[in-house]
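Going by TrEMBL, these are the annotated features:
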- 38-59: transmembrane segment (TRANSMEM)
- 65-86: transmembrane segment (TRANSMEM)
- 93-112: transmembrane segment (TRANSMEM)
- 118-136: transmembrane segment (TRANSMEM)
- 143-176: transmembrane segment (TRANSMEM)
- 182-202: transmembrane segment (TRANSMEM)
- 234-253: transmembrane segment (TRANSMEM)
- 265-283: transmembrane segment (TRANSMEM)
- 295-315: transmembrane segment (TRANSMEM)
- 321-338: transmembrane segment (TRANSMEM)
Amino acid sequence: MFASVLSAAGASHPSLWFDEAATISASANRSLPELWRLLGHIDAVHGLYYLVMHGWYAVFPATEFWSRVPSCLAVGVGTAGVVVLARQFATRRVAVCAGVVFAILPRMTWAGIEARSYALAAMAAVWLTVLCVTAIRRDRAALWLAYGLAVVAATLLNVFVVLIVAVHGVLLWVLPCRRSTVGWWAGTSTVAVAALIPFLLFSQTQIYQVGWISRLNWHNIVDVAQQQYFDDSVPFAVLAGIVFVAAIAIRVTGRWQPDDQTRQLLILCAAWIVIPTGVLLIYSAVSKPIYYPRYLLFTAPAMAILLAVCIAALATRPRSLVSVLVLFAVAAAPNYVAPSGVATPRRAGITARWPT
């Protein structure tokens with residue numbers, strides 16, 4: 001609830017920009033047959049999101065605030081997912097800390113006031129991971145069937161979420177499981193990805209829509225290190241860097257010994273960040289540029305959990321933990337209150353023509 005309210009508090013202030021106007025044009029101003037014809041020419045990767053918003057606009061007006069409420073709600077549900085996932089491996093203290101970090105993460109507060117699918121993708125990714133952990137531990141056919149269907153739905157919501165399947169493969173390596181479990185995951189994932197192949201191939205025919213993305217250069221270092229999770233908040237990025245370095249230092253010196261489950265969580269989150277980011281960067285280097293920081297927003301839950309584990313390791317007392325979280329909130333505040341609705345080149349990032 002806190003995370004949704006935090007996002008909704010600023011949802012009415014920024015004016016709509018190009019991408020959000022595209023959401024309204026596709027979802028509020030078109031019938032379902034017209035939307036289907038549109039997706040045959042442009043924005044197929046946003047088809048499921050547009051369909052969801054079409055239903056939303058049947059009830060609520062296409063204003064700045066109401067267009068962004070689904071994203072606000074998604075941030076709240078995603079925050080709950082982060083808490084649940086972290087609690088599967090770590091203490092309640094770490095789980096709650098992860099939820100708070102996720103709610104104030106600058107890239108998430110940005111997504112919470114975007115009438116686009118980014119916040120929903122993060123929500124889908126974290127709950128899909130919760131489902132995967134549950135399926136691995138319980139190894140029931142119904143759970144694996146639900147997992148396969150969820151992979152398809154999440155990918156239709158945001159095409160890059162399909163990469164989470166590879167991340168979940170790491171779970172099978174770090175979690176104790178039977179051969180039958182590996183078989184269930186492999187079979188379910190293969191069928192789900194196979195079912196998505198027509199969608200993925202058709203989406204490839206519309207790749208010209210991201211022709212505005214530049215080829216890889218040294219600016220991408222800043223994109224990965226800052227923009228991908230911390231948006232324009234340099235103070236938050238610096239503070240996060242300090243926390244990571246300090247946590248590594250106390251681990252190396254033996255002052256912090258994470259237990260087995262915490263190590264499993266750290267490996268999962270590291271893979272969640274590295275694998276999708278690496279795939280997009282490598283594809284951009286050898287083929288067409290597709291890497292852009294906001295496209296990796298579905299990996300934000302992993303960053304929030306990593307930060308929370310490190311914060312909890314450093315701040316061992318409740319008062320010190322709260323103090324560190326307040327410090328992060330203060331660092332995030334300027335980015336949160338800044339007028340983010342102006343369609344600057346970085347925010348717009350689109351030059352392709354869009355049908356009206």
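Residue numbers in this text run from 1 along the chain shown.
Using the three backbone atoms N, Cα and C, a Cβ is placed for every residue, glycine included.
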When counting Cβ pairs under 8 Å to the transmembrane segment (93-112), the leader among 38-59, 65-86, 182-202, 265-283, 295-315: 295-315
Dominant neighbour of the transmembrane segment (143-176) in 38-59, 234-253, 265-283, 321-338, by Cβ pairs under 8 Å: 265-283
Range from 38-59, 65-86, 295-315 with the greatest count of C-beta pairs under 8 A to the transmembrane segment (265-283): 295-315
Paired segments the transmembrane segment (234-253) and the transmembrane segment (321-338) in contact, 3+ CB pairs under 8 A: yes
Criterion met for the transmembrane segment (65-86) and the transmembrane segment (182-202) (at least three Cβ pairs under 8 Å): no
